[in-house]
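Trainee: The following feature annotations were taken from Swiss-Prot:
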{"type": "BINDING", "residues": "G35, P36, S37, G38, C39, G40, K41, T42", "note": "ATP binding site"}
{"type": "DOMAIN", "residues": "3-237", "note": "domain 'ABC transporter'"}
Amino acid sequence: MSITIQNLNKHFGNFHALKNINLNVPTGKLVSLLGPSGCGKTTLLRIIAGLENADGGNILFDGQDVTAKHVRERKVGFVFQHYALFRHMNVFDNVAFGLTVLPKSERPSKGQIRAKVEELLKLVQLSHLAKSYPHQLSGGQRQRIALARALAVEPKLLLLDEPFGALDAKVRKELRTWLRDIHHNLGVTSILVTHDQEEALEVSDEIVVMNHGKIEQTGSAEAIYRKPENAFVTEFLGETDAFEGRIEKGFWHYNGFAWKLDAQYKWQEQTATGYIRPHEWQIAAEHETPMICAEIEKIHAVGALTHILVKHDKQDVHITLAGSDAARYPIAEGKELKLIPKQVYVFSQNELIEYSI
C-alpha cells in the first residue's frame, strides 16, 4: 500500500509541530523518519495511524483519502518502544490477541488463528517460547513478539515507533538486521521512527530527515549520506568538524588549502563553511599542501580503527584512520600531523555548494 501525505499541518497550542508536510511512501518500502527529539517525526507517525488529528492537509492510502477515518478502519499494525505486551497472557495468546477481538464477521476460526500464530512465531524464530510469559523473555525477544502480534492482523501498513530504543547496543544491531530480513520477506509498507542515524542508514529503503516540523531531505540511505542537501543533514548524519573558509574562482579556500568545487553548481565569491567527517581525512604526502597542521592530543585505537584528536587553531578536530594507515606513520601524542581531506561538504548560509559524487 502506498502512502501520500499532502500539505499536512499540526499545532499544539501556539507550537507548530508539523509544517506543510508532503511525502510519498511507495508500496512495500521501509521508510525511516529520522530526526532529533521534538522534530515532529512521532507526531507525523501518529497522524498517519489515526491516533492524532491534523489541523490541515490530507492522508491517502493507495490514493484513497483516509484523513477522517478512524484508526480501526486504517488496517495499521503498531510496534512501540515498550512492547505493550499483556503480562497475564503467554506469548501465543499475545500474538493471537488481535485476531481474537476482530468483529465476528471477520474473525478467523480457532484453527486458523492457531495456524497463523504458529506461522508468525516461526517467522520471528520464537516457536519454542509459545507458552512463556513476557517476564520470562529478554528485551529482544519481547520486541520480536510485539512485531509478530502487529503482523497477525495482516496490516497494510506497519508503523514502528523507536522499536529498539530500550534495548542495548548489541541487541539493537542484531534486531536491525533481523527487521531488514523480515521486511524483505514480507514486503509490507513500513514506516520507522528513529533518532538513531546508524539504524536508519542500515535498515531503510528511504530516509526522511526531519527538523523543527519540516522535512529537510528525502532519499535513499546512500543519497542522504553521500549527497546531503544542507548543513543540518550533514551534521545530523554523523560527527563532523566545521571550518570557516571562502569561495573564490571555483575553489573553497581555507588556510592556504584549496578544494575544487563542482563546476555544475552556481557559485559566487562568499564565505562558506566546509564540513569534514573524521574518516574523510588523510595524512598529507610530502608534495601536498596540507589543509591543517595540528598537534596530536590523544590517540585511541579501537579494533581496526585509530581515533586521533588534534588541536588546530584552538579547535578540536577528530580524525579516524584505518589501523594499517596509522601504522605507516610515526603517530604519537605531542607530534604534529599534516592533514588533507578526501571530501569536503561546503555550504553557504545552509545552502548546498558541493557534495561528493
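The backbone N, Cα and C atoms fix where each Cβ goes, and this holds for glycine too.
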Trainee: Measure the Cβ-based neighbour count of G40 (ATP binding site), defined as the other Cβ atoms within 10 Å of its Cβ.
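Mentor: Result for G40 (ATP binding site): 23 other Cβ atoms within 10 Å.
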Trainee: Once the chains shown are all counted, how many other Cβ atoms turn up within 10 Å of the Cβ of P36 (ATP binding site)?
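Mentor: P36 (ATP binding site): 12 neighbouring Cβ atoms within 10 Å.
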Trainee: For K41 (ATP binding site), what is the tally of other C-beta atoms lying within 10 angstroms of its C-beta?
Mentor: 27
Trainee: Which of the three DSSP-derived classes (helix, strand, coil) applies to C39 (ATP binding site)?
Mentor: coil
Trainee: Over the domain 'ABC transporter' (3-237), work out the mean pLDDT and round it to an integer.
Mentor: 92
Trainee: Going by a 10 angstroms cut-off between Cβ atoms, which of the binding-site residues G35, G38 has the sparsest surroundings?
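Mentor: Comparing Cβ neighbour counts within 10 Å for the binding-site residues G35, G38 gives G38.
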Trainee: Around C39 (ATP binding site), how many other C-beta atoms are within 10 angstroms of its C-beta?
Mentor: 23
Trainee: Give the residue from the binding-site residues S37, T42 that has the most other Cβ atoms within 10 Å of its Cβ, counting over every protein chain displayed.
Mentor: T42
Trainee: Cβ within 8 angstroms of the Cβ centroid of G35, P36, S37, G38, C39, G40, K41, T42: which residues besides those meet this for the ATP site?
Mentor: H195, M210, N211
